[in-house]
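As written in TrEMBL, here are the features:
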type	residues	note
DISULFID	67-340	disulfide bond
DOMAIN	427-792	domain 'Ionotropic glutamate receptor C-terminal'
DOMAIN	437-499	domain 'Ionotropic glutamate receptor L-glutamate and glycine-binding'
BINDING	510, 515, 727	L-glutamate binding site
SITE	650	site 'Crucial to convey clamshell closure to channel opening'
SITE	677	site 'Interaction with the cone snail toxin Con-ikot-ikot'
DISULFID	741-796	disulfide bond
REGION	981-1004	region 'Disordered'
């Protein structure tokens, strides 16, 4: 703490200063010198001074020095000291009845906090006078934030500030439901900000930036300037922030530097001293002339005066006037020469009179008017509230918004006045860049001005209708937003504004620090975030979707199981042959076993009966296995054909940055390009995700993956493998209005910028536009405009990475193409097998069978044999030879009809001739075999003309009959007993014609 103790005598003055209070010492000496030169106050007496320096943090030392001064003889004690030592001096002054004029000194220029009250005995007077007024910072800041309608903000304070001084303010904000956060600003601000970037995640930094939009600073001007500089350089604050700095001691020089270093809106609350505008009136106060270097506001020395310097000068002036009045009243008491050490030391008898005289009169000086109330406090304090407008333009003008004092409160208003239609007759020239859906050409008729539409155009029309201005719009010559060129010039839309060829810039224009350095932006009318446009994965045509429920390995296991079970069934029947029922035509070959197992697996049954217990046990387990497999297949097939399982691996910006297979990029030298580069290269806001994206975007210097304009990027996405990084709002509109709904978008969740209207630097229309945009947002008109271009009931799904079904859940031919292919392959294979069998049958029929041959004879060969026999014997009962005749499919129509002698024998139309043999081992049906002895058994029982009935004939001879083998041929078997051949006539007459009757046939 800086410490000053002053003892005034008519002949000598003593002072005590802290080592850091060199400026207080200088002003004190200057004030005494002015008094000695002015004979109007002290005509004959002169003041001499002696100065001592003490440590303000050592109360014992301060009391010891004060006792030394009292021992020499003093009239009053003046101290410029901190609260720690002030209490001890106050107790000493009360005990010795020495008037004590206390000037509170704040450490390192931080805002003051009220000193704790000092206890004294009841009924005794308080000889300490508070030269500086009480601390009203809590009352002022509470009214300011209430006027601004703040409900959530953060309060920063430096390390030297006593946080107990704002306890009352925090209690009152809590009662009003305000959300206030506290954060201490360390002495090393750079390290503090760096630690924030190192410890916070990206989402936390976004929330922290949002909190910094409203802030109150309780700190010294030097700390405030360093802190604001650091947060602006690290992009922790944007142009839409609003900060309030409150400190009684802020000079004009400090104010100018704060405005130069800050962005957004800045409000400064500081103590003011009302002074006359006339310089002569400022310097002449009643009977005293103040030093010109201190009272002239243009003087460099006056501009660097601190508040304590002013109060020290006025305190010396007040005591001099008090001494003068005491001398005039001839009520002067001798100077007090007191001892603090002796126990029986008595207080000064003239102390009470001196104290009353000081309280009774005041003085005009550098602090306007210094006086005291009965309780010893200075009631005269005034605050002024200064403010700037939103923006980042350097050297913005600062205007006084309002004043405040304890008696009248706030004089003025901090709320923005409602705008009126005050732009009627104004025609603005608007430059734009075509960007869907912000600005688009709606009508282009040759010879007429183009008409434009879009979201930004709708916002401009809403402003025009309300404010009354008109506008002319044109497209930037190079169709670019603009960037800083190597020669230091801006091109594109930004260049039109910089060179003042346009009044307003309008499009999908984002607010960036680089752009704000050369133009002014309105408040944001829509949030901005980075997005990526990707093509949806197309549904691939899977002809064998019916095989999808099971894996290929499972299908192979099922096929192997069918073969294995078929072989096992065959082996079980080979080891223990089953007993087949009478009349059965089935056999237990390997072929039939395989067919039976396959038929039961597909739930179609089988033809081979199995009667052994082992085989039935095997088939029972197999049927249960088949039931489970078929049921599982059916259930999974329904799910696979109705649920889309195609998913794209890129669902967020993190996914995009981690992969390298899909190339992606943005528009070269655009705001998105600069943003990705900044977040990848800036050490204070480096993001690993943006670092990976920057490596892909900047591959080979940015020439491969970047495009010249946004339309080219959208075209690359639609017709190739590419991801386009651009404004999320633009990409959502493109995806919504795509005819094929082939796009989907992903974007960051936390918007960190916004779209605004750009204007010339220092444009008078910025505040008017910003106010109206805020009104559009508050009454919901802005949301209505957004719904026009980004409807919620969009026909396309913006966030699904696959194509949606066109007709609900209906299945198309592609899902079952594989089934039809399998059916077609089976048909073709069956036809090929039939052709091979036909060829093989013809090849066998070309050979003449021998007696030992187990094959069927050709039908033509049989006809020749029958015709030869008929030629040899014309009798109706021809006796055949004992050699066997094999009959395969016998078509009686093929026999010649010229011989009438054979008419009764060959006329077997619509009859059934069955030959059956009884074999001990097994019972089989014999077909197509007729022996000679059986033929000899035919007697004259065949009616010749009357068609009599056929008599039964038994043959007792043994003939070599044949039986059909399982493979389709014949095998020989010994026959002990001939079978009967029943014959039934089918008509009344013996004569039947041999026409092409399809019902005529014979089965033997």
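From the backbone N, Cα and C atoms, a Cβ is placed for every residue, glycine too.
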Cα separation, residue 515 (L-glutamate binding site) to residue 741 (disulfide bond) (Å, whole number):
35
Just to verify a number: CA distance, residue 515 (L-glutamate binding site) to residue 796 (disulfide bond), in angstrom, no decimals.
35
Neighbour count (Cβ, 10 Å) for residue 796 (disulfide bond)
19
Proximal residue to residue 796 (disulfide bond) among recorded positions 510, 650, 677 (C-alpha distance)
650
Same-chain neighbours of the L-glutamate site, Cβ within 8 Å of the mean position of the Cβ atoms of 510, 515, 727 and not counting those residues, run in sequence order as 481, 508, 509, 511, 512, 528, 671, 672, 753, 755
Write down the Cα-Cα distance for residue 650 (site 'Crucial to convey clamshell closure to channel opening') and residue 340 (disulfide bond), rounded and given in Å.
85
Quick note, residue 677 (site 'Interaction with the cone snail toxin Con-ikot-ikot'): same-chain residues at least 6 apart with CB under 8 Å of its CB -> 694, 698
Going by C-beta under 8 A and a gap of 6 or more residues, the same-chain neighbours of residue 510 (L-glutamate binding site) are 528, 671, 727, 753, 754, 755, 756
Candidate with sparsest Cβ neighbourhood (10 Å radius) among 340, 650, the listed recorded positions
340
Which of 67, 741, the listed disulfide-bonded residues, has fewest other Cβ atoms within 10 Å:
67
The domain 'Ionotropic glutamate receptor L-glutamate and glycine-binding' (437-499), counted residue by residue under DSSP: helix, strand, coil
20 helix, 16 strand, 27 coil
Distance [Cα-Cα, Å, rounded] between residue 650 (site 'Crucial to convey clamshell closure to channel opening') and residue 67 (disulfide bond):
81
Considering each pair of residues in 510, 515, 727, all listed as binding L-glutamate, report the largest CA to CA distance in Å, no decimals.
17
